[in-house]
Amino acid sequence: MSTIRQDDEKLKVSTEEIQRDSDRDTTEGPRKDLVDDDGLPAPGTKEREIAEKKLLRKLDTRLLPTIFVIYIMNYIDRNGITTARLQGLQTDLNLNDVQYATLIAILYASYCPAQIPSNMILNYVTKPAFYIGLCVVLWGLTSLLTGVTKNYAGILACRLFIGLPEAAFYPGAMYLLSRWYTKKELSFRSAVLYAGLLLSNAFGALIAAGILSGMEGKRGIRAWRWLFYVEGAITMFIGFHSMWLLPDYPNNTWWLSKREQRLAQARLSEDAGEADKDNAEDSPMKGFKMAIMDPLVILFSIMNVSQLLGLSFVSFFPTLTQTLGFSTTITLLLAAPPWIFASIVCCLNAWHMDRTGERFFHIAVWWWGVLLGFVIALCTMSIAGRYVSLFLMATGYAGFAMTLVWVSNAIPRPPAKRAAAMALVNGVGNLGNLIGSFTWKSEWGPEYHQSMVISLSALALSTVLSIVIRQMLVNKNRKLDRDEKAAMDDADRERVEEAARLEGLTFEQAMERRKGFRYLY
């Protein structure tokens, strides 16, 4: 009997331990020593950390270099007209100043509106790598054909049509990054992408200096035409290769294993508490309607218009550098260092932004540096003062580079809405560049005081709007802090269920994790 009682007591203790383990599993999430059916390590384990690092390394070595190089060519092709102007394009095609300003502006007439449908298409298609690569090839071809033009009508057509395929790249690349990287990883990767733009101003000037000084009259062709031929051909070559180098989405990238694909999806669902996927009813048009009805998207868009108007000097940077009084070759060489410096600042700023999670100051403080640069340039025409101002002006793009990162963090789900929001903010924002094309008039040079006052005012306005956006996000977080149920009410059940499936959790556990979501500001 004693033996039976001892067995009963052991059985009772064992049952209680099992019950305690079950309760602990329910409240604390999955056991750390367990993996799911596909062998995916549980969150927080050493094995999971190793698997994520391996996945990130594979992504970083293919995705980042590819979009970096593409973005260099994107702005080289877009701004080739500004460097070609230094070597006779405007004279050869008999363009007056108004016509030249129109050539700068007309690109944005197609570039801005095309971004919205392009990102809606990108979210809908299953092969974004092919879509983006094809667009790169098309704008490279259009850039190449610019060198063939003989008159104003011909070059105007090239500038109009190059904006269509170019519209797919920056908002599309930013959206693609947001489909792969978590909030704490996105800023630095976005900065690497944008460093391509900044360095394009440096490399573009250096490439142009070599072509314009060494190709004049070769085969009876003007050097500025060779500039478009060479740069367009390079872009097309890169575009064809990007079709297999870039990833598609986490669920269908061919160069990732099924286990890696699932890990990529699970990481993002853990990051936001919901799966990063659209429901059946989340069509591209519904995503667009959701985005355009969101006050945050409207404010971000207006802020971006004023920001890019304030930074519109980029299209005239060689001209501004020329006010230092040097030859064409020296001017182009001097235009490179400010952008190299800005690229370093951009990456360091993004690295710190990822570490802190702060958004507003990492964006706005660089606008204030541009304001200081304008003040210096307004006060002096000395070579040293003006050159320092060019460095300060260039660093303003370290702030702009993080704008769509902030949009992605502020409007995380559903992906259809996020894609439309990012395209709206960038597309509408580039109207600032269009307006800016007419604010740097040659008759206002070489001082360009009126141009700088307009840009200074625009950056002051963008600062005010960004403060309003920050406060709106602070208020949203305060609401979530006060009422944990608010985080649950804002969640989409289907996406939370998918997150639970990906992470190996129960629905209740996934909802508990969802409570930890907060907006970054």
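Backbone N, Cα and C atoms are what each Cβ position is placed from, and that goes for glycine too.
Please treat TrEMBL annotations as automatic predictions, because they have not gone through curation.
What TrEMBL records for this protein:
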- 1-34: compositional bias 'Basic and acidic residues' (COMPBIAS)
- 1-44: region 'Disordered' (REGION)
- 63-478: domain 'Major facilitator superfamily (MFS) profile' (DOMAIN)
- 98-116: transmembrane segment (TRANSMEM)
- 128-146: transmembrane segment (TRANSMEM)
- 152-170: transmembrane segment (TRANSMEM)
- 191-214: transmembrane segment (TRANSMEM)
- 226-246: transmembrane segment (TRANSMEM)
- 296-317: transmembrane segment (TRANSMEM)
- 329-351: transmembrane segment (TRANSMEM)
- 363-384: transmembrane segment (TRANSMEM)
- 390-407: transmembrane segment (TRANSMEM)
- 416-449: domain 'Rhodanese' (DOMAIN)
- 452-469: transmembrane segment (TRANSMEM)
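In summary, the transmembrane segment (329-351) does not lie against the transmembrane segment (452-469): fewer than three C-beta pairs, each 6 or more positions apart in sequence, are under 8 Å.
Proximity of the transmembrane segment (363-384) to the transmembrane segment (226-246) is not established, fewer than 3 Cβ-Cβ distances being under 8 Å for residue pairs spaced 6 or more apart. If one looks beyond the transmembrane segment (452-469) by at least 6 residues along the same chain, the residues whose Cβ comes under 8 Å of a Cβ in the stretch are 296, 299-300, 302-304, 306-307, 309-313, 360, 363-364, 367-368, 370-371, 374-375, 377-378, 396, 406, 410, 432, 436, 439, 521.
If you look at the transmembrane segment (128-146), the same-chain residues 6 or more away from its ends with a CB under 8 A from one of its CBs are 70, 73-74, 77, 80-81, 118, 121-122, 155, 158-159, 161-162, 164-166, 168-169, 172-173, 176, 228-229, 231-249. Per-residue pLDDT, averaged along the domain 'Rhodanese' (416-449), amounts to 84 for this model. Stretch with the most C-beta contacts under 8 angstroms to the transmembrane segment (226-246), considering only 98-116, 152-170, 191-214, 296-317, 390-407: 191-214. Beyond its flanks by at least six residues, the transmembrane segment (296-317) meets 79, 82, 104, 201, 335, 367, 370, 390, 393-394, 396-397, 399-400, 403, 406-407, 410-411, 421, 424-426, 428-433, 435-437, 439-440, 451, 454-456, 458-459, 461-462, 465-466, 468-469, 472-473 of its own chain at Cβ-Cβ distances under 8 Å. Secondary structure of the domain 'Rhodanese' (416-449), assigned with DSSP and counted as helix (H, G, I), strand (E, B) and coil, comes to 24 helix, 0 strand, 10 coil.
Beyond the transmembrane segment (191-214), the same-chain residues lying 6 or more positions past its ends with a Cβ under 8 Å from any Cβ of the stretch are 64, 67-76, 79-80, 83-84, 86-87, 170, 173-174, 177, 223-224, 226-227, 230-231, 314, 317-318, 328-329, 332-333, 335-337, 339-340, 342-343, 346-347, 349-351, 394, 397-398, 400-402.
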